[in-house]
């Protein structure tokens, strides 16, 4: 097979979501609708967290970080995906592919860390309620947020550097809808054993380890919730924790399946579906999961809309 000796030139061909061209218009409509819902839902949470004084708490500080992250995460891949679905041009420039690879890895790993931080916030809120605002002070909150974003950036630099050093095959056909590490490894013509080892090691650190920490923390949280005497207090703590756990299992489950399976042996159709799930579906449903049964967010939205009607 021909090896491209000049890996930093030319462009890549993204093979897309489906192998059936007649389904592209359907995928376009569904993904566009999902993207618009993602924008509306996450922007709403960000605005409410900033504008409503009652939501100026550590929990909503981290939730607004998650919403900002989801907005950037989905925007790093969906516009290019929609462009490829809409017309015959399926190419992406080398620079565009590199940018997408770096940004997607950065934001994905950041979310892995941020979900652990949010679990810690829930642990302190439920298990140490009297000391919550003292422990989760603004300095610590900003520090934890910075660690999340910088940790994700470190992951991006490591994985992207190893991936982009591979000799790519001449056809440059990426069998996916975005430039992602597993798909790029499959495109390589040389030995990828080191890349797969790095991928497995880094992804274990950013997925399996955080999930284990979160599950342990929720064991303590469950014990504390059962001791709450107030039915309303127990229900509020339960709803908040369940919402976070649902997001955790959706995101980590799809990430573990998509990244920790051997890059050369995983089913490509399933791989595309999983990539679509954590790049499109998860950012869309996160705002719904966190707000459907959240009286504080509903109240803040009602107050904001009420002010708007009053001003008009």
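Using the three backbone atoms N, Cα and C, a Cβ is placed for every residue, glycine included.
Marked as topological domain 'Extracellular' by Swiss-Prot: 1-24 (among others). Predicted-model confidence for the topological domain 'Extracellular' (1-24) is 66, expressed as mean pLDDT.
Feature annotation from Swiss-Prot assigns N-linked glycosylation site to 6.
Annotated transmembrane segment per Swiss-Prot: 25-48 (among others), in sequence order. Here the transmembrane segment (25-48) has long-range neighbours at 17-18, 55, 60, 63-64, 67-68, 70-71, 74, 78, 81-82, 85-86, 280-281, 283-284, 286-288, 290-291, 297, 300-301, 304, meaning same-chain residues at least 6 beyond its ends whose C-beta is under 8 angstroms from one of its own.
Under the heading topological domain 'Cytoplasmic', Swiss-Prot lists 49-57 (among others), citing sequence analysis as support.
Among the features that Swiss-Prot reports, transmembrane segment is placed at 58-79 (among others).
Per DSSP, the secondary structure of the topological domain 'Extracellular' (80-100) breaks down as 14 helix, 3 strand, 4 coil. The topological domain 'Extracellular' annotation in Swiss-Prot covers 80-100 (among others).
Residues or ranges marked as disulfide bond in Swiss-Prot (evidence: sequence analysis): 97-189. Taking Cβ-Cβ distances under 8 Å and a sequence separation of 6 or more, the neighbours of residue 97 (disulfide bond) in its chain are 11, 12, 174, 179.
When Cβ-Cβ distances below 8 Å are used as the criterion, the transmembrane segment (101-120) is approached by residues 59, 62-63, 65-66, 69-70, 72-73, 76-77, 144-145, 147-149, 151-157, 159-160, 163-164, 178-181, 184, 206-207, 210, 213-214, 217-218, 244, 247-248, 251-252, 255, 278-279 of the same chain, each at least six residues removed from its ends. Residues or ranges marked as transmembrane segment in Swiss-Prot (evidence: sequence analysis): 101-120 (among others).
Residues or ranges marked as topological domain 'Cytoplasmic' by Swiss-Prot on the basis of sequence analysis: 121-139 (among others).
Residues annotated as transmembrane segment in Swiss-Prot: 140-160 (among others).
Residues annotated as topological domain 'Extracellular' in Swiss-Prot: 161-200 (among others).
Here Swiss-Prot flags 201-222 (among others) as transmembrane segment.
Positions annotated as topological domain 'Cytoplasmic' by Swiss-Prot, on the basis of sequence analysis: 223-236 (among others). Secondary structure of the topological domain 'Cytoplasmic' (223-236), assigned with DSSP and counted as helix (H, G, I), strand (E, B) and coil, comes to 10 helix, 0 strand, 4 coil.
The annotation transmembrane segment is assigned in Swiss-Prot to 237-261 (among others).
Swiss-Prot lists 262-272 (among others) with the feature topological domain 'Extracellular', giving sequence analysis as the kind of evidence.
Sequence-distant contacts of the transmembrane segment (273-292), counting only residues of its own chain at least 6 positions beyond either end whose CB sits under 8 Å from a CB of the stretch, comprise 17, 31, 34-35, 37-38, 41-42, 44-45, 63, 66-67, 70-71, 73-74, 77-78, 104, 108, 176-178, 180, 243, 246-247, 250-251, 254-255, 257-258, 298. Under the heading transmembrane segment, Swiss-Prot lists 273-292 (among others), citing sequence analysis as support.
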Tertiary contacts of the topological domain 'Cytoplasmic' (121-139) (same chain, 6+ residues out, Cβ under 8 Å): 58-59, 62, 217, 220-221, 224-225, 237, 240-241, 244
Other CB atoms, at most 10 A from the CB of residue 189 (disulfide bond): 14
Secondary structure composition of the topological domain 'Cytoplasmic' (121-139) [DSSP: H/G/I, E/B, coil]: 16 helix, 0 strand, 3 coil
Helix, strand and coil residues within the topological domain 'Extracellular' (161-200) as assigned by DSSP: 19 helix, 5 strand, 16 coil
Contact set, same chain, for the transmembrane segment (58-79): CB under 8 Å, 6 or more residues outside the stretch: 31, 35, 38-39, 41-43, 45-46, 48-50, 100, 103-104, 107-108, 110-111, 114-115, 117-118, 121-122, 125, 132-133, 136, 141, 144-145, 148, 177-178, 240, 279-280, 282-284, 286-287, 290
Cβ-Cβ under 8 Å with the topological domain 'Extracellular' (80-100): same-chain residues at least 6 beyond its ends: 7-17, 24-25, 27-28, 31-32, 35, 160, 164, 174, 177-179
Beyond the flanks of the topological domain 'Cytoplasmic' (49-57) by 6 or more, those residues with Cβ under 8 Å of it: 63-64, 67, 296-297, 299-300, 303-304
